[in-house]
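Chemist: Sharing a structure here in structure tokens format.
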């Protein structure tokens with residue numbers, strides 16, 4: 001049984017030594033459990049609510065996933081052939097009414113237009129109190145984009161090992177769903193690149209002029225902001241990597257674990 005704190009420390013050291021990526025202030029699972037105490041205050045709301053305070057459904061192979069996400073993806077699977085799914089906007093009025101019904105516990109997704117469900121799904125991620133790809137990893141993820149293709153992919157997947165387990169479960173489930181959408185791109189015109197363009201700003205919750213980099217990074221002149229407009233290609237490419245390698249999320253290379261054990265034994 002590996003000591004999770006030791007694994008995390010080794011990952012941070014490995015990222016810094018081999019890729020020049022420094023990660024600071026990453027919050028662990030225990031810190032995120034504070035959201036559970038808010039469950040009683042939230043009531044039945046779905047939007048703007050932390051994952052841990054939402055109703056969950058057990059999904060084989062993925063674990064416990066927010067029930068709304070499961071219901072939305074299941075409903076959209078029936079319309080996966082729809083051209084422009086996620087790209088075409090639904091009715092603003094219908095979307096607002098649909099969101100209100102969902103927040104009041106009404107099971108209405110099965111009868112809603114697919115474009116409305118798709119719009120609601122994007123809004124769900126966009127309104128999370130914290131982005132599913134946490135802000136304290138944004139700088140490191142952006143730094144990884146400067147690496148060569150193979151090294152970049154390895155670095156991004158190693159960074160995924162710093163995510164909380166429940167976050168990884170949701171990402172694996174959702175990225176597998178998006179993969180299924182992309183497999184029908186001959187009909188829906190939504191390949192993995194198009195999906196990455198659409199979901200990157202929702203998963204990262206980035207916006208123009210939003211979120212300053214650390215003062216350390218500013219001094220080095222690496223980047224001044226994490227604005228969506230300026231770094232759109234980087235964010236889209238990063239989401240594309242996660243989409244293509246969703247099965248490998250939070251799976252630490254065994255060779256790295258052996259190095260961890262050797263380091264522990266030599267202490």
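Just so you know, glycine gets a Cβ as well, placed from its N, Cα and C.
Straight from Swiss-Prot, here's the annotation block:
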- 49-250: domain 'Rho-GAP' (DOMAIN)
- 87: site 'Arginine finger' (SITE)
Chemist: For residue 87 (site 'Arginine finger'), what is the tally of other C-beta atoms lying within 10 angstroms of its C-beta?
Modeler: 15
Chemist: Could you tell me the mean pLDDT the prediction assigns to the domain 'Rho-GAP' (49-250)?
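Modeler: Per the prediction, mean pLDDT sits at 85 for the domain 'Rho-GAP' (49-250).
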